[in-house]
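Take a look at the structure set out below.
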Amino acid sequence: MATRVEEAARGRGGGAEEATEAGRGGRRRSPRQKFEIGTMEEAGICGLGVKADMLCNSQSNDILQHQGSNCGGTSNKHSLEEDEGSDFITENRNLVSPAYCTQESREEIPGGEARTDPPDGQQDSECNRNKEKTLGKEVLLLMQALNTLSTPEEKLAALCKKYADLLEESRSVQKQMKILQKKQAQIVKEKVHLQSEHSKAILARSKLESLCRELQRHNKTLKEENMQQAREEEERRKEATAHFQITLNEIQAQLEQHDIHNAKLRQENIELGEKLKKLIEQYALREEHIDKVFKHKELQQQLVDAKLQQTTQLIKEADEKHQREREFLLKEATESRHKYEQMKQQEVQLKQQLSLYMDKFEEFQTTMAKSNELFTTFRQEMEKMTKKIKKLEKETIIWRTKWENNNKALLQMAEEKTVRDKEYKALQIKLERLEKLCRALQTERNELNEKVEVLKEQVSIKAAIKAANRDLATPVMQPCTALDSHKELNTSSKRALGAHLEAEPKSQRSAVQKPPSTGSAPAIESVD
């Protein structure tokens, strides 16, 4: 019998789970709403568990008192079971709150979020219909299981065993509920810690954004300064090139003038050289002529000497002739001397002309030296300009190096920005993982709450069965009214016991689902 009751409860729980899963697919709540609903439901479950512990002892005493009366009422058993099953359904309709019914109907009907909520009367009617269907099936299964037993003692023994099992299960469920409450408190603490870390990450993000903005502003100022410096350098370079071009043009004009003057001087020098050559040739010709004259005079002297020798021989014979010839020769000698002096004077004049030509040549050399000095000064100015140009080129190289350094700094800042963006993305990924963990924990909590509600319904059904058996045992109306009050208490207590019973499969599921949660624990540690 106990196995059949458990199978019926499992079938009821499977249907409720399917309905809740369908309700989840149709309607989703925000994490904050789920958290608030879960805390309220857990508070209600805790209260029901306390009431169940208080009522367990009173129910056991009532069962012992009514054993004798139940033994006598076996004849009217079947009719009373059917009547009390319907009465129990109607009583449970009144006990279930309309809000719970609406919530259960929303969870069972997929896509109920999109529909508008009907009025309270329609909600009650729908809840009652659903309850009649589910509870009627379970009551019929329990009654069939009890009908298989022959004697009422066996039925009572089976019910007592089932009740003891339910008590043990309720205690275990209470323990599990305490463990789950502790886990929930830990999860809430972790959630608060994660929220604080999220706020810290947002602050860090805002700081990084402000730093990026400051860097962009600094980069803009650096770019503007570099552009201004480049413009100033270009203006300076243009001015220097213009000044250099003007000086080059002036120097070229001076060089052209000097070339023209040098050409004139060269022509004059060529003409003077030709004149000097002509004078030298004339002087050479005159020297040759003078040499010839001297040779001729030497020959004449030789002839005179020969004549003198002859005359010496003929002195004696012709002293008169000799004297005459001597006078004649003296005259010729004086004439030749006069000619010699004239030739000397001509030579002096020619030497004077040569000195004049030499003076002119020296003046030409002085003019050439002056032109060379001007050329050297021009070369010095050119060297100065080249030095200035080299200095300007060095300055441009320095500015280029500064600009390259600034570009390198900008690239480094951009790399740092990319690294920080990667860190920010990693933090976002960690936050998404933590949000997934929170969602998974919330879904587990919702599943546990739904299972607790299913167990509550099972306990209420079992309480209805016990109340039906008690009504069969008591023929008098007064004990029946007392039993009704006990039934109401039993329903509340057995709901709590049902919550404990549902917590066992949930704990098993959580144990099955713990590996992914433990896998997510290193992610939380990495965030810390």
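If you go along the chain as it appears here, the first residue is 1 and each next one adds 1.
The backbone N, Cα and C atoms fix where each Cβ goes, and this holds for glycine too.
Between Ser75, Ser86, Ser172, Ser492, the residue that has phosphoserine written against it in Swiss-Prot is Ser86. Per Swiss-Prot, the residue annotated phosphoserine among Ser105, Ser493, Ser507, Ser520 is Ser105. Here the candidates are Arg24, Arg106, Arg324, Arg337, and Swiss-Prot annotates Arg24 as omega-N-methylarginine.
Residues Tyr100, Tyr283, Tyr424 are shown; Swiss-Prot lists phosphotyrosine for one of them, Tyr283. Counted within 10 Å of its Cβ, the other Cβ atoms near Tyr283 (phosphotyrosine) come to 16, all protein chains included. Secondary structure at Tyr283 (phosphotyrosine), as computed by DSSP, is helix.
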